[in-house]
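Notes for the one structure printed next.
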Amino acid sequence: MAITQFRLFKVCTCLATVLSFLKRLICRSGRGRKLSGDQITLPTTVDYSSVPKQTDVEEWTSWDEDAPTSVKIEGGTGNAAAQQNSLEQLEPDYFKDMTPTIRKTQKIVIKKREPLSFGVPDGSTGFSSRLAATQDMPFIHQSSELGDLDTWQENSNAWEEEEDAAWQAEEVLRQQKIADREKRAAEQQRKKMEKEAQRLLKKEQNKMGVKLS
């Protein structure tokens with residue numbers, strides 16, 4: 001009886017080992033199939049018939065061979081000239097106000113008066129006639145506008161007289177200032193002497209009051 005039980009145990013253990021071995025094989029084959037299914041296989045051959053054909057490359061010098069050589073515009077010159085003339089007419093003249101106006105200087109003629117001359121009894125000479133020809137002295141009036149400048153005769157005596165008059169006026173003013181300064185100094189000296197006299201008088205009065213007391 002014990003021998004039969006031992007044999008049954010051996011058979012069961014052998015079956016268990018076989019089943020476990022088969023189970024391991026089945027698991028390994030399933031895992032290998034999953035890994036092989038995840039991988040993507042790429043084709044190793046290339047079909048050149050599917051590649052589009054490229055056009056032949058042309059040289060850049062042959063690009064303008066078919067282009068027109070000349071372009072003719074009819075009526076363009078006249079329109080451009082008319083448009084330019086209209087633009088010139090519409091453009092304002094910015095320098096119109098800057099052009100100077102030239103005016104001639106006015107001349108004032110002063111007649112020289114002649115002294116009265118008494119004639120001799122024979123009547124050869126008499127009073128000077130007002131209608132007689134006199135020597136005219138031109139006087140030029142300087143205009144503020146731009147104009148022609150005539151020659152002007154300079155009178156040296158007149159300049160000297162004006163300088164003498166100006167020097168005399170300056171001398172008179174200087175003398176007057178000196179006189180005013182001396183007058184103020186004398187007035188200050190007089191006031192100072194009056195104050196000194198009043199002070200001495202008060203001092204004497206105070207002394208006399210002390211003696212009487």
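Glycine is treated like the rest: Cβ placed from N, Cα and C.
Of the residues SER36, SER124, Swiss-Prot records the annotation phosphoserine for SER36.
Summarising model confidence by region, the coiled coil (168-209) averages a pLDDT of 89.
Across the topological domain 'Extracellular' (1-6), DSSP helix (H, G, I), strand (E, B) and coil residues number 5 helix, 0 strand, 1 coil. When other Cβ atoms within 10 Å of the Cβ of TYR94 (phosphotyrosine) are tallied across all protein chains shown, the result is 7. Look at TYR94 (phosphotyrosine): DSSP puts it in coil.
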